[in-house]
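Let me begin by presenting the structure, written as C-alpha cells, before commenting on it.
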Amino acid sequence: MEPGMEEIPVKVAVRIRPLLSKEVLHNHQVCVRLVPNTQQIIIGKDRVFTFDFVFGKNSTQEEVYTVCIKPLLVSLTEGYNATVFAYGQTGSGKTYTIGGGHIASVAEDEKGIIPRAIQELFQHISENRNIDFHVKVSYIEVYKEELRDLLELETSFRINRSILTFYGLVFEVIVGAKEFQVECADEVISLLESGNAARHTGTTQMNEHSSRSHAIFTISICQKQFTESQKNTDAAQDSSWKSVQVIASKFHFVDLAGSERVTKTGNTGERFKESIQINSGLLALGNVISALGDPKRKSVHIPYRDAKITRILKDSLGGNAKTVMITCISPSSSDFDESLNSLKYANRAKNIRNKPVVNYNPDQDRIDEMELEIRLLREALQNQQVSNQCTHNLNQERTRISSLEEQLTRLQVQCFSYRNCVDEAFPFLVDLNDDVSLKRSQRERLQSWIAMVQEVRKEALTLQETDMGTGTSQETHHITILQLKRELKKCQQALVMDEEVFSQKDHELQILQNQIKTLLQKNEEHLESLKEAQETHRLQNEKMVEQQMLIDQLKEKLEKFTDVKTLDFSCACGHGPAVVASTRRPYSVPLTKSLLHSLHPPSGTETRKAYTSPPAFSLARVMAEFRARSQMILSNIEDQDKVLHCHLSDQSDEEEENTGSKKKTSF
C-alpha cells in the first residue's frame with residue numbers, strides 16, 4: 001500500500017419499505033423486523049444481521065440522506081471520489097430512495113438522494129466564493145449489456161469503455177458519454193428529468209414502473225482556490241499561481257435494476273429477455289462483492305469484466321472511492337428468499353475495503369513542469385544570444401583590426417616609395433639651384449621645395465630616433481597582444497568542445513532516462529505476468545488436487561468392483577456346472593430327475609476344478625481370465641451333454657412341470 005493511502009470499509013445501509021396496499025389486502029405477513037436501539041435486523045425467526053445503518057418502514061428521505069450521503073458530499077468537496085448505489089429486488093424502493101423518478105411531481109419531503117445532493121452542492125459552491133468551481137454532469141444507462149447516453153436524446157448513440165495509459169498508469173474510461181457544463185441546481189435537475197424520461201422502464205406484476213436498466217448519474221467537479229492578490233495578478237507574470245493545485249473529483253449515483261423471478265413478475269417476450277440481462281449483471285455484481293468480501297481475496301481473482309456494470313463500479317468497489325451501499329428489501333413474507341439473499345450480499349459488502357485518495361489533477365502538475373522547463377529554456381536561450389552577440393562583436397573587431405593593418409601596410413609602402421623618390425630628386429634640385437639661367441620665380445619655387453625636403457628629412461630623423469627609443473616597449477606590447485589573442489582563441493575552442501561534450505552528455509542522459517522508463521514498464525509487465533502465472537499455478541494445483549481425489553475415489557470403486565467380481569467368479573467356479581447346466585440347455589431333452597442325477601454325480605466322483613488368479617492383478621487381466629475360464633466351463637458342460645432316451649409318461653410330465661416351476665422360481 002502506498003504511503004498515505006488508508007483503507008476504509010464500504011458503508012452498508014439497509015432500508016425496509018412498508019407493506020404495499022395489495023400486500024396488506026392479501027394478508028401478507030411481516031418477516032423482517034428491527035432490533036430497537038441497535039443497527040441490527042432479524043429476518044425470519046432467528047437470522048440476525050448487523051449493518052452500519054438501518055432504516056425501518058417509518059424512516060424519511062431526509063433521514064437517509066443526512067446519515068448516509070451528507071458525509072460523502074463533504075468528501076467530494078475535499079477531493080475524494082464518492083459512490084452510492086441502491087441494491088435489492090424489484091419493487092423494493094431503490095429508485096424511490098435514490099431519487100431517479102419524476103422529480104417535479106414529487107413533494108419536497110419525498111425527494112430522493114440525487115436532488116438533495118445537487119441542492120447542497122450548489123449551496124456549498126455559493127458559500128465559498130474564493131474557490132473556482134466547474135461542475136459537469138453525465139447520465140448513462142446499461143440496457144441489455146449496452147451503454148447508452150441518456151442526455152444525448154437526438155442521436156442516443158451507444159458508448160463504450162476504453163483503456164488509456166497516462167504517465168505509466170492504466171485507466172479504463174467511458175468514451176462517448178457527453179458531459180454538460182452546468183451553473184446552477186435547476187440546470188442539473190432539468191438534465192436529470194430528461195434522462196429519467198429517456199430511461200427504459202416497464203410494467204411487471206410486481207412493479208408498475210419497473211426499471212429495466214442500470215442507471216449511473218455522475219457529477220464531476222473541478223475546483224481551484226485563489227487568493228485575492230492572485231486573482232488580480234497576471235498568472236503568466238506571477239509565479240505564485242503555480243502553488244495552487246487543481247482538484248478533480250466525481251460522485252456516482254447508481255440506481256440498479258432489481259433482481260427478478262419470472263414466476264413472480266410474469267415476464268414474457270422482450271421483458272423476459274430484459275430479466276435475463278438484469279439478473280446476469282446482478283449475478284456478476286454479487287460475484288464481485290463475494291470475491292472482495294473474502295478475507296483471502298489477495299489470492300482470488302476479482303471478476304470485474306464479467307459485466308458492464310461491474311466494470312463501471314470497479315473504482316467504487318475496492319478502488320479509489322468512498323462508497324455507500326443502500327440495500328432495499330421488502331418486509332413481505334412472500335419475498336423472504338429475495339430479502340434474505342439481499343441481506344447476505346450486503347453483509348459480504350461490509351468486508352470490502354477501498355483506498356480513496358484526494359484527486360489532485362495531474363494535468364496541473366504537468367503544466368507546472370512544462371512552465372519550469374520553458375523558463376529554463378528561455379534563460380538558456382538568452383545566455384546563448386548574449387554569447388553569440390559577444391562572439392559577433394569580437395569577429396567584427398577582428399575584421400576591423402585586420403582592415404586597419406592592411407591600410408597601414410599600404411601607407412607604409414607608399415611612404416617608403418615617396419621617400420625614395422625624394423632622396424633621388426634632392427641632389428638634382430640642389431644642382432639645379434646653382435644654375436644661373438633660372439628665372440627668379442622658378443628659383444624661389446625651387447628653394448621652397450628644397451626647404452620642405454629638408455624639413456621632411458628632419459622630421460623623419462626625429463621619428464626614427466623616437467622609434468629607436470620606444471621600439472622595445474612597442475614590440476613587447478605587440479607580443480603580449482599576440483599571446484592574448486592565441487589564448488583567447490584556445491579558450492574559445494575549449495568552450496566549443498565543452499559545449500559539444502555537454503550536449504552529448506545531455507543526449508546520453510536522455511537515452512538513459514528513456515531506458516529506465518522502458519525497464520520500469522517492462523518490470524510492471526513482468527510483475528503482472530508473474531501474478532497471472534501464480535494465479536494459473538494456483539488453479540492448476542487446485543485442479544490437480546481435485547483430480548487426485550477423483551483418482552482415489554475411482555481406485556476405491558475399482559477395488560470394491562474387483563472384490564465383487566472375484567467373489568462372483570469364485571462362486572461361479574464352485575457351482576458353475578450346475579448353474580450353467582440349468583440355464584443353458586437349448587438343444588437337449590427336457591430336464592428330469594434322472595438327467596440331473598447323471599449330470600451331477602455324487603460327491604465321491606472327481607470333477608474338474610478351476611482356479612483363479614489372486615485379486616492383486618489389474619481389472620482387465622482378471623476379466624480376461626474370467627472370460628477364458630468361463631469358455632472352458634461351457635465347453636466342458638457341452639462335452640458332457642448327452643441325449644437321453646426315456647419313456648414319456650404322466651410321471652415324467654409331472655416331474656417336468658415341477659422342474660419347470662423350479663426354474664421359473666429360480667429366475
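Placement of Cβ uses the backbone N, Cα and C atoms for every residue, glycine included.
Noted in TrEMBL for the protein shown:
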DOMAIN    9-352  domain 'Kinesin motor'
BINDING   GLY88, GLN89, THR90, GLY91, SER92, GLY93, LYS94, THR95  ATP binding site
COILED    367-414  coiled coil
COILED    502-564  coiled coil
Practice problem: Determine the Cβ neighbour count for THR90 (ATP binding site): the number of other Cβ atoms within 10 Å of its Cβ. | Solution: 24
Quiz item: Which Cβ among the binding-site residues (GLN89, SER92) has the fewest C-beta neighbours inside 10 Å?
Solution: GLN89
Practice problem: For THR95 (ATP binding site), just count the other CB atoms lying within 10 A of its CB, please. | Solution: 25
Practice problem: Can you tell which of GLY88, GLY91, GLY93 has the least company, meaning the fewest other C-beta atoms within 10 angstroms of its C-beta, among these binding-site residues? | Solution: GLY93
Quiz item: Cβ-Cβ under 8 Å from LYS94 (ATP binding site), same chain, 6 or more residues apart: which ones?
Solution: ALA86, TYR87, GLY88, SER211, ASP255, LEU256, GLY258, ILE326, CYS328
Practice problem: Average the per-residue pLDDT over the domain 'Kinesin motor' (9-352) and send me the rounded value. | Solution: 80
